[in-house]
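**Student:** Can you read through this structure? Questions will come right after.
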Amino acid sequence: MDNNIQRLIDSAKQSLNSPESYKYIDESFESCIKCTACTAVCPVSRNNPLYPGPKQSGPDGERLRLKSAELYDEALKYCTNCKRCEVACPSDVKIGDLIVRARNNHLAQSKKPLMNKLRDAILSNTDVMGKINTPLAPIVNTITGLKATKFMLEKTLNISKKRTLPKYAFGTFRSWYMKNALQDQQKFERKVAYFHGCYVNYNNPQLGKEFLKVFNAMNIGVMLLEKEKCCGLPLMVNGFPNRARNIAQFNTDYIGKMVDENGIDVISEASSCSLNLRDEYHHILGIDNAKVRPHIHMVTPFLYQLFKEGKTLPLKPLKLRVAYHTACHVDKAGWAPYTLEVLKKIPSLEIIMLPSQCCGIAGTYGFKSENYEISQSIGKNLFDNINEGGFDYVISECQTCKWQIDMSSNVTCIHPLTLLCMSMDA
């Protein structure tokens, strides 16, 4: 007993003597009232008996982890970071953040299998993979679509052979913008900055072009940050917090430079990127982004505000029946009502809001062999609702939700910006 007490005292002294510790202290777990509302809404708990749930892995586990660093748990890896636990929590405990930080600490202390570590590095370093693959996109896309390739990826890197891998674009959005759009954007008096992220840059430049089209139609020009990197979310949740922290500081610095020099807001069309840039950089990584945080926006709430200011779009009737899927991080941030109000501007459009539930992919989570079946089980009810609803499209702001829905249902998932452009072109 005396040894345990002395160990607690030594640990406390070490923390007090470390300035770095103050950045990451999160005492929200003390507010947990043990109501288990978080566990009731957790999509993983319902589908994976090995996961004890967010209450035990989060606030309950944090109390134990403060006593002994040896009490980190392998079950932490099952959390998808969907944050539905945080939405449900009546005490505003940052349950998902607690689990992500604990998981990163656990991975730092444990010996992850070499091939899994390589797999996680490949899935997490999106800029590196994008720069390698976009110049060779036609070849890469053909090779990664082969059954033999998928078989080898599962046997070597534990990437599920059942997962449809994302396709790369032949050329990046950023290079297209510099060659074809930069000069035209200078003519607009009012401007916004666009954080395009890795998905638009390497996988879907067309979505970035649609971003420009919508804002230009509102007489607003679009600038790019001088430099940007992937928001760092894949690194943050896969056990590379130091690398994620460096990227977060890099992006925060360049967002700050844009705000200081031009006094304009920075917009992202991606829900998880927006949440990460605005909230998680500080909550999880300890980055001081207080100066730039008010200037970081998700695109649909920003468009909603523009409509409130009197801005308009030349929208024409679309006689379509579409389903709106509330992505997990959209639910966490409370952005869904704004997206729905923006889409209601499209004449003749029928919008059905699907029950809010996780699609299961959770970024890189659903690509891993050990998670694939759980991922699909989590999303099954959603896929059934989509397939049985008679929809022309599913709408979502989340790119990985799009990958999951496109692969697992009979209906194509598109971004709200794409639907707005369809209406403008009708």
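Cβ coordinates come from backbone N, Cα and C, glycine included.
The structure displayed is predicted, hence computed values, not measured ones.
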**Student:** According to Swiss-Prot, C32, C35, C38 bind [4Fe-4S] cluster 1; identify which of C82, C89, C198 is listed for that same site.
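**Tutor:** When Swiss-Prot describes the [4Fe-4S] cluster 1 site, the candidate it includes is C89.
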**Student:** Quick check: of the binding-site residues listed here (C42, C79, C82), which one has the Cα closest to that of C89 ([4Fe-4S] cluster 1 binding site)?
**Tutor:** C42
**Student:** For the binding-site residues C35, C89, which Cβ has the most other Cβ atoms within 10 Å, all shown protein chains included?
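**Tutor:** Counting Cβ neighbours within 10 Å, the top one is C89.
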**Student:** Going by DSSP assignments with H, G and I as helix and E and B as strand, what are the residue counts for the domain '4Fe-4S ferredoxin-type 1' (21-53)?
**Tutor:** 13 helix, 0 strand, 20 coil
**Student:** Looking only at C32, C38, C42, C82, C85, the binding-site residues on record, which one has the least crowded Cβ, with the fewest other Cβ atoms within 10 Å?
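**Tutor:** If we count Cβ atoms within 10 Å for the binding-site residues C32, C38, C42, C82, C85, the smallest count is at C32.
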**Student:** Starting from the Cβ centroid of C42, C79, C82, C85, the recorded [4Fe-4S] cluster 2 site, name every other residue in that chain with its Cβ within 8 Å, sequence order please.
**Tutor:** C38, V41, P43, V44, S45, P54, T80, N81, K83, R84, I95, G96, I99
**Student:** Within 10 angstroms of the C-beta of C79 ([4Fe-4S] cluster 2 binding site), what count of other C-beta atoms is obtained when all protein chains are considered?
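**Tutor:** I count 27 other Cβ atoms within 10 Å of it.
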